[in-house]
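Some features that Swiss-Prot has for this protein:
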DOMAIN    127-326  domain 'FtsK'
BINDING   G145, A146, T147, E148, S149, G150, K151, S152  ATP binding site
Amino acid sequence: MRVLVRYASVMEACGLTVPPSRWRLALARMANRPAPESRPPRILRLRPTRTGLVLRLKLRPGQDAFDVAATTDRLRHSFGVYGVTSRELRSGVVEVRMTGYDVLQRVQMPATAETRPMRIPVALREDGAVHYRDYRAVPHGLTLGATESGKSVYQRNLVAGLAPHHVALVGIDCKQGVELFPLARRFSALADNPDTALDLLEALVGHMEDVYQLIRAEQRISVAVPDAEIAADIWDLREDLRPVPVVVLVDEVAELALFATKDEEKRRDRIITALVRLAQLGRAAGIYLEICGQRFGSELGKGITMLRAQLTGRTAHRVNDETSANMAFGDVSPDAVLAAIQIPTDTPGVAVTGDSTGGWARIRAPHTTLREAVNICNKHADRTPDVPALAAFRPALAPLPQARVPLSKTAPATA
């Protein structure tokens, strides 16, 4: 109600009104009436949410979306809300989100969130909306963050979100497996050292080539086949022929790029070459990369910048220097770099996410303990697919113990 009552005056004070048109002025002059007032953007829809309010505005002639984006801070103070963000929906229509409190202080994900294959909710945005990791839209991602920045919790949320889906999880954890091996029951392949990681990545490259052979055989290119039925990736194949998609999670990628001897340098070059090939060619074969690390710059050697250029999705938790933030957002948005280095140390899990379009937002993943992630992976262990090319890297685990249920209650002894 406060927003509706003060809407016209606030918009005029913030410079978001346009003067009346000539025909309205002429009509008022002919009717001997007062000159009409300036007009603010028209409200198309007003929708209350659990965190605030969403306005959909129709811009007046001469206005653009940048005018609204440039005044969000003034709108925040004028309406007395915690935060205001805006985004352009289509030409001439802007959505303005107002939040009444800091939704990132205590993250509460909605009870029901929209899920689709390869699209999972992982965090909450500062405007109260759910942040999704959509592998079909953004195939490969890079996650950076210093120690104790919440990077591992974000990775756990990814695994927990993917666990119920029909997807093969492949993990490379060179910290001797302390992060990913507790979740091993939901992983189709795991590697805990650079030597095993090299063999695993080369096996993935071989699997990718086999998938392309399958797509080539099932393309169904002929004069009589409509274009819509021609297969170009695994999602165009029939469901009974479609290979299972693979998500590759790499923790502490710097461990794969460091070397001290000539033999380790050769191994490192082969690892980076395999990662670059998967990043360049893996999308159509249903192979998606999720690279995590503390730094990911050119000091890690040749091929790193080529690999980084293929990682469209960027997420940066708290970093210790501006250079690390530039590694994630230097080619995306200078404002995102500034936001990443301003994340305080007492808010682990807060991150800045962006993509190659230049858009970015602050997010925070809900705190998921390792025990909770293990329980989710154990619950969905039966959904772990068998990938023949990766069978040699399948973790060998003992079966889960079956809980014994007594058939009858034991009666207490009586005197």
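Cβ from N, Cα, C; glycine included.
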Item to check | Nonlocal neighbours by CB distance (under 8 Å) for G150 (ATP binding site), same chain, sequence gap 6 or more | outcome: H317, R318, P348, G349, V350, A351, R364, A365
Checklist entry - So which other residues, same chain and not among G145, A146, T147, E148, S149, G150, K151, S152, have a Cβ within 8 Å of the centroid of the Cβ atoms at the ATP site? => result Q294, H317, R318, P348
Next on the checklist: Suppose we draw a 10 Å sphere around the Cβ of A146 (ATP binding site). How many other Cβ atoms does it contain, all chains included?
Outcome noted: 18
Next on the checklist: Give me the long-range Cβ neighbours of E148 (ATP binding site): same chain, 6+ apart, Cβ under 8 Å, in sequence order.
Outcome noted: T345, P348
Checklist entry - Helix, strand or coil at S152 (ATP binding site), per DSSP? => result helix
Item to check | Candidate with the highest Cβ count within 10 Å, taken from the binding-site residues G145, T147, S152 | outcome: G145
Checklist entry - Here are some binding-site residues: S149, K151. Which one has the most Cβ atoms within 10 Å of its Cβ? => result K151
